[in-house]
Amino acid sequence: MATAVEPEDQDLWEEEGILMVKLEDDFTCRPESVLQRDDPVLETSHQNFRRFRYQEAASPREALIRLRELCHQWLRPERRTKEQILELLVLEQFLTVLPGELQSWVRGQRPESGEEAVTLVEGLQKQPRRPRRWVTVHVHGQEVLSEETVHLGVEPESPNELQDPVQSSTPEQSPEETTQSPDLGAPAEQRPHQEEELQTLQESEVPVPEDPDLPAERSSGDSEMVALLTALSQGLVTFKDVAVCFSQDQWSDLDPTQKEFYGEYVLEEDCGIVVSLSFPIPRPDEISQVREEEPWVPDIQEPQETQEPEILSFTYTGDRSKDEEECLEQEDLSLEDIHRPVLGEPEIHQTPDWEIVFEDNPGRLNERRFGTNISQVNSFVNLRETTPVHPLLGRHHDCSVCGKSFTCNSHLVRHLRTHTGEKPYKCMECGKSYTRSSHLARHQKVHKMNAPYKYPLNRKNLEETSPVTQAERTPSVEKPYRCDDCGKHFRWTSDLVRHQRTHTGEKPFFCTICGKSFSQKSVLTTHQRIHLGGKPYLCGECGEDFSEHRRYLAHRKTHAAEELYLCSECGRCFTHSAAFAKHLRGHASVRPCRCNECGKSFSRRDHLVRHQRTHTGEKPFTCPTCGKSFSRGYHLIRHQRTHSEKTS
């Protein structure tokens, strides 16, 4: 019976030009949710809207237009009411916020409304928690996702729990066609025997790929699924057919809960199955890779009877030679490039089949397996018995001239220069060439130290008249650091920095008590003792204390002067022998330096030289500005000040 239309809705439809059709009594209108479930086009539009990615569009505007089109194809506003569209959006958002594992299960049940989805989740929460396994089965190029609940130590309550896959075929297929299906590979009377094999397969914990919620277009492959299960029970299926494989993109889309579930339940169960199928895969390695959030992609090849597995073993103790350390520092080679001469070109996989890990602990032996075929591995052959010494552990760069071997290519290139005479490093100042850059750097320091320097205007820059020798102007090699302001050289950079403060006037050391600044830290330390009132140096004889050690030592010498240098004529004491000898010459009037012209005597030789200029008339100090000469240096300096005052 058709539902009566309200007058208000009827007027609205007539204004919008919508054609009204009267339904007959024998026609029943299906609900919109059921229509959506049965219509594969609507489901496809829904999936296209959910899986749309921004990268599929060329521009942001095109992405927005594409989303509007997909949303319109899914929601169909011309056929649904606002309440129905709102219910679909709420249901989609509810499924999105569910946890990953629970979301996949609820979507597989295809709830028609939000209330039905809530009922499914509440019913699942009331059931006891049991681990589930997800298996991806490849059947003629198609992937079939199946979920199986693992019953730990519990037998099925009835044989009906293991349903015959033949009975789950499409309803349109008759029993006769199912019996004579060529995909089964067995007549109908052999079905009980197949059921026994399938029951044995269930007890051995081999996951049975069942999924009642697969799309309708895949239902035609149920017969292929039965053939697959039959072959699996007979041991004709390899691990690749029942492997749980994830690509890099699929693994990055999983949340931490799904990755933990995959590592705890799927790998622990599936690896056990693989071992039972004679696949020697160590289970902890793959599980540790999964828990470190790295997808494990197995590489399994079909077993070949005529080909022996190429399996190599490499043992490394962790110790490295000196040549090996230099090679690792100078050559940026990956492990794959290093081992390619021995192992050949590896196949391209997401996870390489060969790998070497150098342990930090030299006491532990680290062994890794090499090869591509792991389906028939029963024993490993030592690499040292089948291949020569590894290149990393020996010398493999040979000189073609003399035959000498080197561990690194850079060492060989440097050695070849001895044969060719090549000197690629050239000095830009003098043109001299060197074979090594270190030799050139050492040579350039000589140019920097011997560079000519023009001294300021003082008694040192009087080259024409001053008796300053070239040896005094050229610093020794032991003082390579020169001051750019005055040309003075220093042996250490710290001395140069301390000296430069005399030119800049910098005083980086401040007294926190009075704020006074100093150029050297030692002076600041001495100054701070004034504020603290500390005089740590106390004289043991007279009780006088001193704040500086040098003054304390000078005071100590005064007490010991009687025993050192005491003048017997006047009683004066002297701490130094030179001062005492000069004092004695005064008493004896001894002047060993005598002038041959006038007979005048002098106690010092420099005084005699200066006196002799009065006889010879020599004036060695000449003014470079006016040419006037003087007999003494300080006379010239006093004269030059007159020139500087005139220019200013």
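Using N, Cα and C of the backbone, Cβ positions are placed for all residues, glycine too.
Here Swiss-Prot flags 165-182 as compositional bias 'Polar residues'.
Residues or ranges marked as SUMO2 cross-link by Swiss-Prot on the basis of a large-scale study or a structure entry: Lys22 (among others).
What Swiss-Prot lists as SUMO2 cross-link is Lys454 (among others), and the listing cites a large-scale study or a structure entry.
Swiss-Prot lists Lys460 (among others) with the feature SUMO2 cross-link.
Taken from Swiss-Prot, the feature SUMO2 cross-link covers Lys507 (among others). According to its DSSP assignment, Lys507 (SUMO2 cross-link) is coil.
According to Swiss-Prot, the SUMO2 cross-link annotation covers Lys521 (among others), on the basis of a large-scale study or a structure entry. Counting only same-chain residues six or more apart in sequence, the Cβ atoms lying under 8 angstroms from the Cβ of Lys521 (SUMO2 cross-link) belong to Phe509. Lys521 (SUMO2 cross-link) carries a helical DSSP state (H, G or I).
The domain 'SCAN box' annotation in Swiss-Prot covers 46-127, and the record cites sequence analysis as its basis. Residue counts for the domain 'SCAN box' (46-127) by DSSP state, with H, G and I taken as helix and E and B as strand, are 63 helix, 0 strand, 19 coil.
Summarising the annotation, Swiss-Prot assigns domain 'KRAB' to 237-308 and lists sequence analysis as the type of evidence.
The feature phosphoserine is assigned by Swiss-Prot to Ser466, with a large-scale study or a structure entry given as support.
Per Swiss-Prot, the feature region 'Disordered' maps to 146-221.
Sequence annotations record features per position, and here Swiss-Prot assigns zinc finger to 397-419 (among others) based on sequence analysis.
Secondary structure of the zinc finger (425-447) per DSSP (helix as H, G, I; strand as E, B; remaining residues coil): 11 helix, 4 strand, 8 coil. Residues or ranges marked as zinc finger by Swiss-Prot on the basis of sequence analysis: 425-447 (among others).
The zinc finger annotation in Swiss-Prot covers 481-503 (among others).
Annotation comment: Swiss-Prot describes 509-531 (among others) as zinc finger, evidence class sequence analysis. Counting residues 6+ beyond its ends, the zinc finger (509-531) has Cβ neighbours under 8 Å at 498, 501-502, 547-548 in the same chain.
For 537-559 (among others), the entry in Swiss-Prot reads zinc finger. Across the residues of the zinc finger (537-559), the predicted structure has a mean pLDDT of 80.
Marked as zinc finger by Swiss-Prot on the basis of sequence analysis: 565-587 (among others).
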- Cβ neighbour count (10 Å, all chains) around Lys507 (SUMO2 cross-link) is 14
- Item | Structural state census, the zinc finger (565-587) (DSSP three-state) | 11 helix, 4 strand, 8 coil
- Message: Which sequence-distant residues neighbour the zinc finger (537-559)? Criterion: at least 6 residues beyond either end, Cβ under 8 Å.
- Response: 526, 529-530, 573, 575
- Message: Can you work out which residues elsewhere in the same chain, 6+ from the ends of the zinc finger (593-615), have a Cβ less than 8 Å from its Cβ atoms?
- Response: 582, 585, 631-632
- Residue counts for the zinc finger (537-559) under DSSP, helix then strand then coil, are 11 helix, 4 strand, 8 coil
